[in-house]
C-alpha cells in the first residue's frame, strides 16, 4: 500500500553529502564507449535542457535515464577537483548524490565533441507529480503531507550539500509508485548555495518569488521556501496559485478547494511577500500541519487504488 509506505518514510533525514574528492569519474575519453555500457531506449522527454532517453545498463540490466545536453546550450559551467570542465549540473549532482534516496543519483557521465551525456538512475514504475495531480486532481492532505515531507527533506539535503536547486516544481518531482518515495530531479537550473544575493534565475517563473519578479534579486533559502509554498498549494488545490507576474507580486492566496486551516496557514507563511517573514526549513518541519496523521490504510487504499497495477495491494 503506497500511502503506508510513504508514512514509513517520515523518519528519513538528509544524508551526508558526497565528497567530490572521494569519487572522481574519469574523463569521458578514458572510459569504455557509452554504447558498449548502455542500451539506449525510447525518448522520455525533451526541451531547452536537451533530450532524455530511457536506457538499460548492460552489465546488470539496471534501468537508467540517459540525458543529452548540447554544449552550446550550457550557460553555467563548473570544474571537478581533477580540473575537468563540466556543466554545473554535473558538479551539483555529484555533490548531492549519496545514499539519500530523495534526490536523483548521477551514475556516470560522458563528454562528446558537441554534447555531454549524463547517466541517471531511473526508478520504475514512476510518474512525475505534475501528471499525478493532473490525473487525480487535488490530493487529500494526508497524501500531500507525505509527499511534501519528502520534498522538504530532499531540498534540505541539497542545501546541506551546498546546492540550490532553483527549479522546485511538480514536473521535477518523480514518484516511485512501487516504494512511495519521491525523487527531486533536473538540476540544470541549479547553482552552488551561497549566503549572498542571486541576480540570475533560470527556473520556472510561476514558481519564482516576488522579489525576483520585482527586483531581479533573491536569496536562495527564502526563494526555495516560496517555491515549496507554491508546490504545497498545487498539491492540495490541484493547480498553482499564481499565473501572472502581478499575481505573484500581490501574493494574495485564494483557495479553490476545501483546505484545513493549518494547511492554509503553512502555505500562506511560505508565501509571505517579505522573504524574512518566511519560515525556515526547521519551522516548516515543526509546523502543526506537518505533525498530522495519515489516513487509515482502508481509506487510503480507496484513494490510491488507481496508482499503478498492484501498487495498492
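Using the three backbone atoms N, Cα and C, a Cβ is placed for every residue, glycine included.
As recorded in Swiss-Prot:
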| type | residues | note |
| --- | --- | --- |
| MOD_RES | 8 | phosphoserine |
| MOD_RES | 23 | phosphothreonine |
| DOMAIN | 38-290 | domain 'Protein kinase' |
| BINDING | 44, 45, 46, 47, 48, 49, 50, 51, 52, 67, 121, 128 | ATP binding site |
| MOD_RES | 98 | phosphoserine |
| ACT_SITE | 167 | active site, proton acceptor |
| MOD_RES | 261 | phosphoserine |
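When other Cβ atoms within 10 Å of the Cβ of residue 44 (ATP binding site) are tallied across all protein chains shown, the result is 14. Looking just at the domain 'Protein kinase' (38-290), the mean pLDDT is 96. Among the residues 44, 45, 46, 47, 48, 49, 50, 51, 52, 67, 121, 128 said to bind ATP, no two Cα atoms are farther apart than 21 Å. Here the Cα atom of residue 98 (phosphoserine) is found 12 Å from that of residue 121 (ATP binding site).
Of all the binding-site residues listed here (48, 50), it is 48 whose C-beta has the fewest other C-beta atoms within 10 angstroms. When the Cα atoms are compared, residue 52 (ATP binding site) and residue 261 (phosphoserine) turn out to be 41 Å apart. The Cβ of residue 46 (ATP binding site) has 11 neighbouring Cβ atoms from other residues within 10 Å, across all protein chains displayed. Counting only residues at least six positions away in the same chain, no Cβ atom sits under 8 Å from the Cβ of residue 261 (phosphoserine).
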